[in-house]
Amino acid sequence: MSGTVGRFAPSPSGRLHLGNLACSLLAWLSAKHQGGKIVLRIEDLDAERCPRKYADQLEEDLSWLGLVWDEGGSHGGPHGPYYQSECAPVYEEAYAKLAAQGLVYPCFCSRSQLHAASAPHTSDGNVIYPGTCRDLTPEEIAEKRKHKAPAYRVRVPDENVRFVDGCMGPHTENLLRDCGDFYLRRADGVFAYQLAVVVDDARMGVTEVVRGADLLSSTARQLYLYRLLGLKAPRFAHCPLLLAPDGRRLSKRDGDQSLENLRAKYTAEEIVGRLAYVYGLQPEPAPRTPESLITDFSWENVPKEDICLPENLF
Ligand code: GLU
């Protein structure tokens, strides 16, 4: 087995849909093609939106499809916990390291202030924080605390982060202008995705992150955290998103493309084969097992643009 460690990192707030599934298939194929392994981490930071029954269902769906993982989820393993809802002490430690560097500050801005019509947005739809609370004095902070519990942000420098994405090629973001100071912790104490994902991928020994292109612009922020925390960053490959035949982005709300409906209509091999077809891994939509796609897998064949599902394929 090679040293490659890939991962599935689903947020179980509902049933898997085709888009999640496609990313899982590509993550699995890329790791297995290199003789590596796959870790399953359940991203249930928002424990209320992600009850355990969805995580269990997700494991059942992945197993049904033949996307067997080597470590994590309810199987456990040497790098647990594998459920983010159980990891607060681990995140706390990393957060304290960043705070000790003087880089963390409380932010009292409300959602509506941030989403003012004029606010510039990152390419993934987040507001680029204008720095309103960046330089509050201790007195101002004490006064504001009387009325509102703050969230916490990390300061970013005016600096370009460059990396070569395994699927999309070279990518650059300016931390200050394209991302802005970003959340590490919400006002209710829950740690933010950007911090959790870095801490977890590092402690689980993940060397290759494969995920949807909607997270491409998060990568610069995560590389910044890897650097601040003195952790080794993995390679990244962002796969193109699947769009419904009418061009809309697939989401968990698209019942038609949820695994519940798909399983009622198709076999696992039919679903895998059709996904492999739209992702350029085989020339026609013939049924395939995941194993049968390992040998010929190559990122070079995967399209770089969003993929519109052909009418009547699913
Ligand atoms: N949990 C995220 C999702 O399901 C993925 C995060 C990641 O892959 O970094 O969209």
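Glycine residues also receive a Cβ, built from the backbone N, Cα and C atoms like all the rest.
Per TrEMBL, the listed range annotated as motif ''KMSKS' region' is 249-253 (candidates: 59-63, 249-253, 289-293). The L-glutamate site recorded in TrEMBL comprises ARG7, PHE8, ALA9, PRO10, SER11, GLU43, TYR193 together with one of ARG162, ARG211, ARG227, namely ARG211.
Note: the CA-CA distance between CYS107 (Zn(2+) binding site) and ALA9 (L-glutamate binding site) rounds to 28 Å. Considering only the binding-site residues CYS109, TYR129, CYS133, the residue whose Cα is spatially closest to the Cα of ARG211 (L-glutamate binding site) is TYR129. Under 6 Å, Cβ to nearest atom of ligand 1: this is the test, and of the binding-site residues ALA9, PRO10, GLU43, CYS107 it is passed by ALA9, PRO10, GLU43. Following the DSSP three-state reduction, the secondary structure of TYR193 (L-glutamate binding site) is helix. Same-chain neighbours of the Zn(2+) site beyond CYS107, CYS109, TYR129, CYS133, judged by a C-beta within 8 angstroms of the site's C-beta center, are, in sequence order, PHE108, LEU114, GLY131, THR132, ARG134, ALA151, ARG153, ASP181. As a whole number, the greatest separation of Cα atoms within the L-glutamate-binding residue list ARG7, PHE8, ALA9, PRO10, SER11, GLU43, TYR193, ARG211 is 16 Å.
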